[in-house]
Structure formats: structure tokens, C-alpha cells
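So the structure is just underneath, and the comments pick up after that.
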There are 6 protein chains.
Amino acid sequence: MRPSGRDLSEMRAVSIETDVTKHAEGSCLIRMGDTHVLCTASVEERVPPFIKGSGLGWVTAEYGMLPRSTSSRMRREATSGKQGGRTVEIQRLIGRSLRAGVDRVAMGERQITVDCDVIQADGGTRCAAITGGWVALKLAVDKLIKAGDLTSDPLISPVAAVSCGIYAGQPVLDLDYPEDSEAGVDGNFILRGDGQLIEVQMSAEGSVFSRDQMSTLMDLAEQGVSALVTAQKAAVA
Amino acid sequence: MRPSGRDLSEMRAVSIETDVTKHAEGSCLIRMGDTHVLCTASVEERVPPFIKGSGLGWVTAEYGMLPRSTSSRMRREATSGKQGGRTVEIQRLIGRSLRAGVDRVAMGERQITVDCDVIQADGGTRCAAITGGWVALKLAVDKLIKAGDLTSDPLISPVAAVSCGIYAGQPVLDLDYPEDSEAGVDGNFILRGDGQLIEVQMSAEGSVFSRDQMSTLMDLAEQGVSALVTAQKAAVA
Amino acid sequence: MRPSGRDLSEMRAVSIETDVTKHAEGSCLIRMGDTHVLCTASVEERVPPFIKGSGLGWVTAEYGMLPRSTSSRMRREATSGKQGGRTVEIQRLIGRSLRAGVDRVAMGERQITVDCDVIQADGGTRCAAITGGWVALKLAVDKLIKAGDLTSDPLISPVAAVSCGIYAGQPVLDLDYPEDSEAGVDGNFILRGDGQLIEVQMSAEGSVFSRDQMSTLMDLAEQGVSALVTAQKAAVA
Amino acid sequence: MRPSGRDLSEMRAVSIETDVTKHAEGSCLIRMGDTHVLCTASVEERVPPFIKGSGLGWVTAEYGMLPRSTSSRMRREATSGKQGGRTVEIQRLIGRSLRAGVDRVAMGERQITVDCDVIQADGGTRCAAITGGWVALKLAVDKLIKAGDLTSDPLISPVAAVSCGIYAGQPVLDLDYPEDSEAGVDGNFILRGDGQLIEVQMSAEGSVFSRDQMSTLMDLAEQGVSALVTAQKAAVA
Amino acid sequence: MRPSGRDLSEMRAVSIETDVTKHAEGSCLIRMGDTHVLCTASVEERVPPFIKGSGLGWVTAEYGMLPRSTSSRMRREATSGKQGGRTVEIQRLIGRSLRAGVDRVAMGERQITVDCDVIQADGGTRCAAITGGWVALKLAVDKLIKAGDLTSDPLISPVAAVSCGIYAGQPVLDLDYPEDSEAGVDGNFILRGDGQLIEVQMSAEGSVFSRDQMSTLMDLAEQGVSALVTAQKAAVA
Amino acid sequence: MRPSGRDLSEMRAVSIETDVTKHAEGSCLIRMGDTHVLCTASVEERVPPFIKGSGLGWVTAEYGMLPRSTSSRMRREATSGKQGGRTVEIQRLIGRSLRAGVDRVAMGERQITVDCDVIQADGGTRCAAITGGWVALKLAVDKLIKAGDLTSDPLISPVAAVSCGIYAGQPVLDLDYPEDSEAGVDGNFILRGDGQLIEVQMSAEGSVFSRDQMSTLMDLAEQGVSALVTAQKAAVA
């Protein structure tokens, strides 16, 4: 029933290739089917003004799409003079989600910026960005630990995300673009590896949903994130 | 236990004063305790380019805060040269939520813009904006019906929103600013008058939550929205 | 002869409601007929760089119109990326006018920002903003005096403003929108309560005027400002 | 008493050199003492959208200062990303003033843009821009008449401007920069060659003035503009 | 003598991987040593306004660097609100260079946009972008030919580019970042496969050069481009 | 054969008028035929952050065109909100070129900004800006020497620039606008007075060129710059 022929609860093939760029402290290329996102983590020994002197660390994120990551060419945000509303929403979500997996005291007063750039898009780019972003973050943290700049690991638990939605009346896991553009209801579920919830964003464009449906989607999300965390752990091992 | 002395499931006093400005087709001033939002609905007999000729209507929203609606003065967005990320997120949410209550075929090819301007802020401004925005929208639609420009009511059901969160370890309904700034977990729940869900945004900044907690918050939200819908119906009667 | 039926030298009903928002140090809602402007005064214990260390205070102003304060919806300046020329002109005028009523030495090295936001427009918004802005300023100053932060009152005399113009060949006081949009000649007169002039802006769009006409308009303005000062004094009493 | 040694009612030397650039339909370099402004008039056979089809013409103006026209280098507005408030105010004034001397029906549906660029500044640049701008406008109109594109002269009367102020307690005509930066009260007076007033902008920064003082300044302004109109007529003859 | 141990006239290893993204009509990832640039070509059946109706085609280019393509993280241009001067210079150069290899009549009235995004930078990114950009362009054109949308090949000859400079007093071919940041004199040479020159940009920052040196660098450039053209032909075969 | 009737190797008449504005430390108006550029040099006793404390000086440049310097009126860059790509390219070139003639150690830690504003354009404005810019720079430096702020002259050699191109198949020197707009190949050559090359920018829009042609253009450029340096020396004598 799904355009891709997948089962309702079947995710796309996931691959996480690490250390894909030589400059970043941590990096990976995550592929969720045809959605490919390059994630890098950059460490700086300074923090934003609002936490200066607090002893706390900060994790933030930026998100972008290459102009031809999509089916028809998008305008480059640098030429339109600002980041669009969707971009801003997504990068705030990525940063907030990753911070939920970090002990900011243990991290010390430094900042890690996670850049997530979509090379090729086929639905679910923000979820892939969070999942891959955590891997880049972890690799950068491991480098700090190895160098003796950190004495304990500030990462509490992996952070991963997956989308679920109602497609053609059925609850489905990990929507690709053909599904995403048709689904009246869909959401993003960000969880930690220990099963705790970080963020739930269920949204209906031109539609509505019931609590029962929401519950079913939550079940799918827990199952999906569990598989993603396994892939993350393998990647950083 | 709550700073305001309210019970865990007690909302702030709600008042909705209608027809507060003479120019707008629909308007109201909604007060949720000390949060005051002026909502106006403006009808235009044209639609955005992407639906031109489709026969469908469009509802969109804009959101703003007066510089001294807050405890310390905020910079005016018009002088900083752009709307901030938070503003953009909120106005996209308001528009999306209101559209979920509209039959866009019945609405005909016209646009209604709902402006929500925060006069005084004390937490929960986006929820107040959605709840009051629907009242302004309804009044504008009623005017179109009365004038014979619409033959049937395109509004399917009221749309209202409330925030819930975990404050001091307890699930609470309708957070005010002192609670909102302390709560590690909070969310916005947008529902229709018929009980259907439109949007759920649960988010944890520096914290996490369980499915059980989420379920409790949903219960509170359903209860809160039900009271708001009663107030909306009274206001537009 | 006037669309409103007023006499040539008759002002609209004036009302000034004070303390309309809980956060601002001073605030009022001024109504000149159907023109409604919300004015707030915000005190900061810092001054702009160009007077740092001078011991002098600073009063500045910002002005905005809610999108649907006007007959047809205006574009929100925050979305167009900048304040328009008219806005900038008006807020510079408000700041300059209010400063003319202030002893900046007595004020001490602090800044008061007066925000004037037009809730509903029907002509004469900048004059209402100055008149109401002074009330908000006065209330904020009174609070500083009461708190012992100021030992003497730095406000020399009230500042108030009124528009006059030639409508249908006749000199009229306090133009409303229907008059304003027809008048070829109109002006804004800002005076102090002691009768001294602060600013005179007479302007003719597609028309001209004589010195005699100007003199008549000055007479009307003096009369109008005198009434406004009475209303200001009553409001802050 | 004046820094320049001029009498109270003595203007600076005026010179108007015409046809200073080969591309513009009309152009002049006006010198009011050490204030030098290059004015060009550009004719276009199209009008702004808001008067399209009305049969009326439009005159508009833009104003700029070269970065080193001033004593210390100013930031170039093109690099700061926008025109400052002062620039916007001035160019609106120039356009409005010039339009007051134009029969827009006789002008026909075309636009003339007057650019006023300050090459060297020593006070009174906006007045010099208006006075020189009218000369450029007149030369462009003469070219249209000569080419048969206009059958009658749409210029009703010359438009010229001069500043006056209270310097060291004395009313003075045509303030230069040392006077302008000291004067608590000063104003710009724009008149037509037939003696009619177009715009009066009296302003006090940190000061006030009386009606008597205003009257004296008006006398000076009438005298100054009269001399400027003579210079304009000689230039375009 | 070179940091990399290369001979003076030795280029870095070149690889060109084609069809690296599924959406673009043509794409490649070009690697010049550690400089990696993703190039995509997007075909649109419309042209910019200035050639509409001329029957001519247009090739244009955009250039960007991922924030962590460099040794320390760069600010994302989308967040700084505009493309920097260097970016604009480079993308204009890429577009101009590629157009020099195109018969715009044979191309027909359509536009091809070549996006060059630097994934990893180590000097010479603009040259890699031109060389790889031509490959993406060629693949897109081949697709148009195959689909019957073009009846003849509008690409006259390959276009490729290489940098040369004076490093430590010696003329060197294909500078990497350590050389580039030290070289007082360097340049970019864009040639066609038939040996004709398209663009020569020799520049000295804090240094100068002689005609003899320039001639030697030209020899190196011809040799380098010849090798690049061989790689391009192999890639598109 | 040339539209102007000049010989292939004949430059336009050059004139350099110095000290044309009273505020700038150095200034000139350079005329290359009908191309007129006003150049000013502004000295500041501070340097950009990136060389603070290095003891080195900095020379930078900005470039602008008056709106009606061209045949049809151009949009003012201050109103379009940013400098266009061409402007940025040109001002970077001017700054880089002038720095190549400066001993930045001898200059001391100060900055000189050279502003080049095109009053009238007829081709070759960037070359005129460099040639005139050097004169303004020299005059400012001479003033610093005279005042004892500099003990030795940091200017190594004059810097001048000329354009050459292939027009109607022939190599020509110093292209004017009619030639420039037709030439498929043209370039800018910046040299020092001692014959050393600073920058060569040969570019072909829709065309190509051979090494032989390039060599001929270099010969012309050397001849042209030699004449310009003579004019510069006369101007600053």
C-alpha cells in the first residue's frame, strides 16, 4: 500500500558513515533511504553571552538544504537574504533536542555547533538531521575526552528522531516524500536511547486526529527510534 | 503549590471582549489572566498565488508582541529588520491551527488574515492567540454570511488551544509566565470543539518526559479546551 | 461643514486612561475620537553610547501601527524588514518633542523609551502619540521620584500636540481621517504647557498656503493644546 | 557675531552651474557657500503604480551624501543596508516640495526623479537640494517642451528653500554647519517664487521658541528665498 | 619544497564522480586533493527577463561553502543575511566561464543553473567548481539531447580552470591551502579544451610580479588544464 | 574604426584636478574623457580588528555610482538595501591594488579609506578610480608627512590602471562605453610606476582569446599606464 512497498512499520534502510570531512571535530553522512544529510560538529571554547561565566556548556544547531537537494531547484537562502521560517523552526528543534541528551555541567563552558546540511531530500530530513547530528556530536565529544579536555562523558543517552503519520488512513513509520506530501497528519518524535520523550510534534494540515491514532503513532515511533539508536551506537563504536 | 495559588487543573480567568476595533471585519481582545491579546480578522477578496484559481480559500495569521508587553522591554521586530524565529514559528502555528477548522471549499476563493498582537504577556500568548483568533475569524465569517457573500458557514468547529506542562514535578494546566519559565517540560495542545486533535507540541528544554506524563497532560488539555470553547461560543453568540 | 459635524475649532473627545499595562513603568491609552494609541514608558539605567558619561538623560520614542488599525490592512513592518519612512519620521518627531520638555541634567544618566502603538487610526496619530507619550513619561518619572531614584522632577512642562489644516477652504482644528485625506494643507503643532513652541510642521501636498492662514492655524493650535494639557494634568493627577 | 562674520540676514554666496553631467535630462551643481550639491533630473515615461492611468505626472526625489562630504567620514548608506531616518525624511521633503510647484495634469503621465547628492556639506544641504533640484527639474521640463513632448510648461512657479534659526540668541538666515550644530532652534522654509508657503519645519532640539521669534524667522526666510529665486531664474535663462 | 611534497608542476590527484544526486539533471563530486565540491546542474524551461524572447539560452552559477568545509567554522551566509563579496565574485566568475563554452543559440531559450557547494576546502575551490561545474552541465545537456529537447550539442568545448602562483619564490601549479595562504601572487586561469583563454585573473596581495613570471604561470596553467580536460572527458564518457 | 575616432593605442584625454573637497585629507576629480570619478582619501588613527596591534597600516576602498552617472538612471544602492556584486568586486579590486603600492610597516597602524564615486560614466570607471584613488591617497600621505605623523613615505610607487580589449577584432587601449559594451574580450591591467604588475583581469563574455592577443594587450596596457603615471606625478607635484 505504501508507494515504496514497505510495510506499515518498516523504516527505510539506515546507514551512518562517520568522519566524512577532515576539518570538523565530528562528522557523519546519514542516509535514511534517499534522504542524505551531512552532519558536522564544531567545538569552540566559548559560549553565547547569555551563559557566559555560568560554567555550563551549550549545544546549538544550524540546518540548510542544498539548492538541488530537492526535486525542483529551491532558491538558495543566502541569496534570499534570510533563513525561511521552516529552516528556523527545524534548526531550533535540532538544537533543543540534542541539548536534552547533554549534561551541560559536565560539558564545561564550551559550545558545540552541529551543522546539518541536506545533500539529497526524500522526506524526514529533520529527523535524519537529529539522528545524524547526535553521532557527529558524540564523535566530537569523544575527541575532547581523548584529548583530556573532558574528564567525563557529558552525553547522557543517544538522541534520535523519526517521523510517523497517517497515510491513506493507515498509521505508517518513517514517511518518505511521496507519503509526506499526501499525509494529512504527521509528526516528529524525538526520544532518548533510554526511552524518555524529548519532543512530540503532531500536526495536521487540513485534517485532524484522535487520541487513539496518536497512541498508535507513538508505538511506531518508539519502535523506530530503538532501531536508530542501535545504528547510532554501531556508528560511534 | 502554584505561584498563583491555582489548583493543578485550574485555568486562569478567561474573558473575550468582541468588536474592539472599528476597522476589522472581526476582532476581539482575549484575556487569559494577565495575558492580553488583540486579535483582528481581515478579509480580502484575493488569495495567495499558490492557490489562485483553485476555488479554495486561505486563512493565515501574523503574530507580534508590543515592545513593552513583557517585563523588560523587548526590541521592536520592525527595527531589528526581521521577525525572529520564535515569532515565525508561532504565526505559522496559528495559521495552520485555524485552517484545520475551516472548510476551504465552502470558504470560496478569498483570504482571511488573523493578526494577533500581544498587548500584555504573562505566558501562553500563542494559545490565547489561537483561541481569540478563532473568535475574530468567526465574527468576520458571520459578517460575510450576513452580507450574502457566503451561503454556508465554512467553519467546521471552534479551534482553541491551551498549554500544559510539568511544573515542580506536577502536571499543571494553563501555565503562566512564572511557571512557564521554570517548567522543564511543557506543550501546546490545539483541539477542535468536537474533541479532535489538530496539533500537539510537547517539548522539553533540558529535561525529558514519559508517555504516562504525556497522557496526563492530554487529559488536562482536553478539559481546558472544553472550557475555552464554551467561552468562545458565548463570545460570538 | 466638517464630515463629523464638528465646529471649525472643535476638537474630538479626548480621553486618557492610565496604567493600562502592568509591566511598563508608565502607560496610558489615549483616545482622540476614534484614534486610539497605547503609550508606554520604559526606564533603563543606561544611556546610548553618544552620551555615556555625560551625566545627561535621554528620552527616545518608537512608533508603530497595528496592521489592522487602518481601514484596509497594512503590511506589518516586521515582515517588510524595515520601518517605513513615515514611521521613522514620526518616531523621531515624538522623541524630539518629548525631550524639549525635559531637564536632561535633572533626569540623570538614564534612558526612558516611549513606545506609541496605534491600536485604531482615524487621523492625527502622531499628535495623539506625543500627547499620550508625555503622560506615560510623566507616570514613569513619578515612579522614579517616589522610589527615590530622582530627587527633583525633570519634567519642565507638559508637551502636547495637535494637527490643524485647511479643509474645504476653512481652517480647522484636529483633523480626523476623512479631513486629513482631503486637506491640501495641514500641519502638526507641538507646544509646551507654558505656551512655548517646540515644533511646527506645516506642509502642503499639491497646494500652498499664505502667512495669514498660517497665523490662523497657529491660533487654533494654541487653543487645542491648551485643552489637551488640561486633560494630561487630570490624567496624571 | 556669526562664526563666518556674516550679518544676521546675510546669506552665503550662491552659485548654480547648469548642465554639469551629460546623461541627465537636467542637472546643476548648486553651491551655498561650502555646501555643494549635485542635482540631476531623470525623465521616465512611466509613473508609480498608485497613479497609473490617472493622467497625472509624478515628481519624486532621492538624497544622498558622499561618505566624505562631511568633516569626518560617514558610513556609506549602501553598505549599512538601508537609508537612515534622516535621509528618508529629507528626500520625502524634497519630493513633496517640488511637487507643490508642479501642475501634475499639464505634466502628463510621466515621472521625473530628482537626485540630490551632497558633494560637500557645510549645513543647509536639504535647502540647497530643493533649490538646486528645482533648477534640474526646470531644465528637464524645458527639454521636454523643446522636443514637443510637452505643449505647456507644468511648472507653476520656482520652488526654493532656506534655513533660519536662533543662533546665540539672535535670529539668523542661512545657517552654516558651525551655526547649525549650536542652534537650539532652527527651521527650513520652503516657498514658491510667488511668495506662497509650501512647507515650514520649525524645530527645537533641547529648546523652545515663541510666536514672535517664529515671525521674525519667517521674515528672514521670505527675504532669503526671494534672492534664491533670482539666482534660479538666472541659471535657467 | 612544497608543503605537500609535490613537484612545482604537479597537480593534486583529481577525481570526478558523476550522478551523485538523484534529483539534478546533471551532477558530480569533484575532488582536487582535499578540496571537494558538489556540482549540480538544474534545467529550467525559462530564461531571465533580460533575454526573454531572444531565442538564446542562459547558463548561470551559484557558489557556497558549507560552514565547516573550512578549518575553523565559518558563519553560514544564510544567517548573515547576504552572500559575501568573495562568494558573489566567485559565482559570477563560474557563470561567465561556463557561458564561454556554450553556443547559446543552439542551447535554445532555457536556463541551466550550476550550483557548486564546497563540502571540504583545501584551496582552489573556485577552479574545482568550474571544472566540476562543466561536467554537471555536460551531463544535463546530454540528458536534454537524449530526450530530444536539443537536436545538437550546444557545448563547444570543455571549460576547466586551475590556479597557479608564486610560492616561496617559485612558480607552482594548483596551489593547496597552505600554499595559497602564503603566496603573494596567485591567479586563476580558465581555458577551453581547445586551448583558447576565457579568463585570466592574476592578483598580488602585498606583492607584485613581472611579465616573465606571468608567462611561466601561463605555461603551467595550460599544462594543468590539459590534464583536467582529460579527466572531464573520462567522467562524461 | 573606433566610435570616438581614436587610434587603436590612443587613450582618452586625462585630467586630474586635486583638492576638490575641503574635508578630505586627500582628494581629486579624475576625468578619463567623459568618465569622471571623485576620489577622496580619509585617514583614521585606527585599523580593522584583524590587524590590531600588528603595527601595520591598512588601505581600503569603497566605490559607488551616482544614480544618474549612467545613460539611463540606475537604482541607488542605498535604497536597494545592499551593494551589488559588481560594486563589491570593484571596491575589493581598488583596495587590493592600492595596497600593492604601500609599505604597510612604514605606514604605521592607521587606516586610509579611499572613496571613489562615479559622477559621470563612460566606460573604464574602475581603472579611473584606481588611478585617481592613488592620487587622493598620495595627497593624504603627504599631509601626514608634513604634519610629522609619518617620518618616511610609505608609498613605494604610483599605482595606475587601464582597460584594454578586442574591439571589432582589433586590440584597443582604454575602452569607452560604446566599445566596452561591444567588446567580447576585455581586461583591466593594474601596474605600478616601476612597471611591475599588480593585477591582470582578462575576461571574455561570450568569447575567447589567445595568448598572442593577450600579449598585445599587455603591451598596450604598459604604454597606457606609463602615460597615466606621468599625469599622476604632475597632479601631486
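Start at 1 and count along the chain as shown; that gives each residue its number.
Glycine residues also receive a Cβ, built from the backbone N, Cα and C atoms like all the rest.
Not measured: the values here are computed from a predicted model.
Residues or ranges marked as domain 'Exoribonuclease phosphorolytic' by TrEMBL: E:10-140 (among others). Helix, strand and coil content of the domain 'Exoribonuclease phosphorolytic' (E:10-140), in residues and according to DSSP, is 42 helix, 41 strand, 48 coil.
Under the heading phosphate binding site, TrEMBL lists E:Arg86, E:Gly124, E:Thr125, E:Arg126. With a 10 A radius on its CB, E:Gly124 (phosphate binding site) counts 26 other CB atoms from all the protein chains.
TrEMBL lists E:158-223 (among others) with the feature domain 'Exoribonuclease phosphorolytic'. Mean model confidence for the domain 'Exoribonuclease phosphorolytic' (E:158-223) is a pLDDT of 95.
Within 10 Å of its Cβ, the residue among the binding-site residues E:Arg86, E:Arg126 with the fewest other Cβ atoms is E:Arg86.
Apart from E:Arg86, E:Gly124, E:Thr125, E:Arg126, the phosphate site neighbourhood in this chain, defined by C-beta within 8 angstroms of the site C-beta centre, holds E:Tyr63, E:Ile90, E:Val118, E:Ala121, E:Gly123, E:Cys127, E:Ala128, E:Ala129.
Within its own chain, E:Thr125 (phosphate binding site) has E:Thr35, E:Val37, E:Met65, E:Ile90, E:Val118 as residues 6 or more apart in sequence whose C-beta sits under 8 angstroms from its own.
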